[in-house]
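Colleague: Reproduced below are the annotations present in Swiss-Prot:
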- 53-67: FAD binding site (BINDING)
- Gly285, Gly286: ubiquinone binding site (BINDING)
- Cys540, Cys566, Cys569, Cys572: [4Fe-4S] cluster binding site (BINDING)
- 557-586: domain '4Fe-4S ferredoxin-type' (DOMAIN)
- 91-112: intramembrane segment (INTRAMEM)
- 409-426: intramembrane segment (INTRAMEM)
Amino acid sequence: MRISGVTLFRVSSQLRNVVNGQWTTTHYTVKDRSTDPRWKDVDLARESDVYDVVIVGGGPSGLSAAIRLRQLAEKAQKELRVCVVEKASVIGGHTLSGAVIETRALDELIPNWKELGAPVYQQVTSESIAILTESGRIPVPVLPGVPLANHGNYIVRLGKVVQWLGEQAEAAGVEVWPEIAASEVLYNEDGSVKGIATSDVGIGKDGAPKDGFARGMEFHAKCTIFAEGCRGHLSKQVLDKFDLRTHAMTYGIGLKELWEIDPAKHRPGYVEHTMGWPLNVDQYGGSFLYHIEDQGQPLVSVGFVVALDYANPNLNPYKEFQKYKTHPSISKQLEGGKRIGYGARALNEGGFQSIPKLHFPGGCLVGCSAGFLNVAKLKGTHNAMKSGMVAAESIFEDIQQKGEDVQTIDPATYDKNIRDTYVVKELKATRNIRPSFNTSLGYIGGLIYSGIFYVFGRGIEPWTLGHGKKDNEKLIPVKDAKEIDYPKPDGKLTFDLLTSVSLTGTNHTEDQPAHLTLKNDQVPLDVNLAVYGGPEARFCPAGVYEFVPSEADESKKRLQINAQNCIHCKTCDIKDPQQNINWVTPEGGGGPKYEGM
């Protein structure tokens, strides 16, 4: 009998929740290691290393910061030790984006990027914007200067660009460490950030040390740059500790597939964005579809973004994406093709209003850890890179002024300097587009507002709209919500969830403490399921959360957490109604293995 890889994935996803014959949901009882007899004879001392700058996260912002630091050091003929730690098994392995990029930051950072062979070669040749109805399509003119106009931009596979940036960083003298998960922020006695510690390895799911236990390592630095991306685990901690955020962030979830399509249907350089169907008029979101030729392959990046401030707990972002692909204008481009990739990632949609204070004693936030995505443009790579570069310049200036013996850098000029760049200026100009869709006029009101105040005024209005309540506070009880009917997948154009997850390559060491932790085990049943119908089973794009019959009483439910499936999108950490789910760092190397996503 032949067993498919997807079948094995389904079975193993269930069995991984059995420990010593007992079903587990999420976490073991945390015990103080000093009083836990299982740890009595274990050496818990950590080795440490000292750098000038430690960067957490090997994405566009972190790598740009690293490269810029080394460029400045070389120009000044100064020794400067810089390292990047990245939790993915390879640089670019956790990167997922559309992506159409502006090259302005890349032009500045590495002017000869074309000669160096950067995987940035598919220029936008044509584009369209439309509002979809269930079977129709209403074209929207692409006026020069509107946020979604893409003349002069490039379609890329961002994971490949990030991999290339990693190579440039190493060539510049940066120490780049993939498969290293930063799990803890270290502090000096005065409360300033001292650096980070990496995760321990070799701990069983029950919290006991295994034979191969190895203590994590400490990385100390004058300044630590947090470049973890949207809703970073450590970034979230420093935001709270230093009280950096004044206004709440609002988020979206972006889901993406990569297709190899019929060459006869391929239009290299074509970019398409849509709004409307299948989402309701009171729901913010939309789609992207990009034709890119990559080494002769006729590829299409197709994706769907759903704002996470939605109210209906029955909404399923993954199924909305699958439904979108059945639209006649979309399906005709994909039919006859083969899907070769899938993934999802939360993204920042707060914009200008939600930018936090960016610096603090011993560190700073860059890229999507700070929230520099321009949701009106559906672009953030250029802003992420530029923020990393500006942070690097501020840090290097401080080291130069205060001397190499300085212990802690608080790069205060970074906050001011970034606000003088195009990064914050373009976010300010588009600041009211996203929240305008949350007015009483809904979707139509947002379109009208954007047309009047941005297209003709470029954001000059003297007011700034707010985002209102946090995303997790906006769900309504399931008894008050409209049911949503989703068609069954056909296995050709639309797919079931676990088949999709199998394309992510996601994997975690099975016998390790689950990284999806619950503050209270009863909240999923007493609140999430009882009041909201169990929304975590729908908003997760990887099938991590399931409500299944309890073994003790089949008339009752229990929450099963398939942590092995997790693709590190962070949606659960954002949308869980009671903020009861806390995403923590698993062992390094775990998670998805995206290839050029």
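Positions of Cβ are set from backbone N, Cα and C atoms, glycine also.
Tell me about the setting of these features in this model.
Modeller: In three-state terms derived from DSSP, Ala65 (FAD binding site) belongs to a helical segment. In this view, Ala65 (FAD binding site) is surrounded by 33 other Cβ atoms within 10 Å of its Cβ, with every protein chain counted.
According to DSSP, Gly285 (ubiquinone binding site) is assigned to a strand segment. Around the Cβ of Gly285 (ubiquinone binding site), the number of neighbouring Cβ atoms within 10 Å comes to 27.
According to its DSSP assignment, Cys540 ([4Fe-4S] cluster binding site) is coil.
Sequence-distant neighbours of the domain '4Fe-4S ferredoxin-type' (557-586) (same chain, 6+ residues past either end, Cβ-Cβ under 8 Å): 12-14, 16-17, 23, 25-26, 87, 94, 181-183, 199, 230-231, 233, 236, 251, 253, 308, 317, 343-346, 471-473, 475, 498, 501, 504, 506-510, 512, 514-520, 523-525, 527-529, 531-532, 534-536, 539-551, 592.
For the intramembrane segment (91-112), the list of distant contacts is 58-59, 63-64, 67-68, 118, 120, 124, 150, 152-163, 165-166, 168, 176, 178, 229, 254, 256, 271, 288, 290, 301, 303, 343-345, 378-383, 385-386, 389, 422, 568, 591-594, 596-597: same-chain residues at least six beyond its ends, Cβ to Cβ under 8 Å.
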Colleague: The intramembrane segment (409-426): which same-chain residues, six or more beyond its ends, come within Cβ distance under 8 Å?
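Modeller: For the intramembrane segment (409-426), the nonlocal Cβ contacts are 104, 192, 222-223, 352, 355, 357-362, 364, 372, 374, 377, 383, 386-387, 390-391, 393-395, 397-399, 402.
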Colleague: So around the [4Fe-4S] cluster site, Cys540, Cys566, Cys569, Cys572 aside, which residues have their CB within 8 A of the centroid of those CB atoms?
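Modeller: Apart from Cys540, Cys566, Cys569, Cys572, the close residues are Leu516, Pro541, Ala542, Val544, Tyr545, Ile567, His568, Lys570, Thr571, Asp573, Trp583.
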Colleague: Using C-alpha positions only, work out which of the binding-site residues Gly285, Gly286, Cys566, Cys569, Cys572 is nearest to Ala65 (FAD binding site).
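Modeller: In terms of Cα distance, Ala65 (FAD binding site) lies closest to Cys569.
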Colleague: Spatially speaking, which of the binding-site residues Gly285, Gly286, Cys566, Cys569 is closest to Ile67 (FAD binding site)? Use C-alpha to C-alpha, please.
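Modeller: So, of the listed binding-site residues, the one sitting closest to Ile67 (FAD binding site) is Cys569.
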Colleague: Could you count the residues of the domain '4Fe-4S ferredoxin-type' (557-586) that DSSP puts in helix, in strand and in coil?
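Modeller: Secondary-structure breakdown of the domain '4Fe-4S ferredoxin-type' (557-586): 8 helix, 8 strand, 14 coil.
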Colleague: For a quick check of packing: other C-beta atoms within 10 Å of the C-beta of Ser61 (FAD binding site), how many?
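Modeller: Its Cβ shell of radius 10 Å holds 33 other Cβ atoms.
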Colleague: I want to verify one value. Collapsing DSSP to three states, which class is Gly59 (FAD binding site)?
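Modeller: It is coil.
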Colleague: Please report the distance from the Cα of Gly286 (ubiquinone binding site) to the Cα of Cys540 ([4Fe-4S] cluster binding site), rounded to the nearest angstrom.
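Modeller: Cα-Cα distance, Gly286 (ubiquinone binding site) to Cys540 ([4Fe-4S] cluster binding site): 18 Å.
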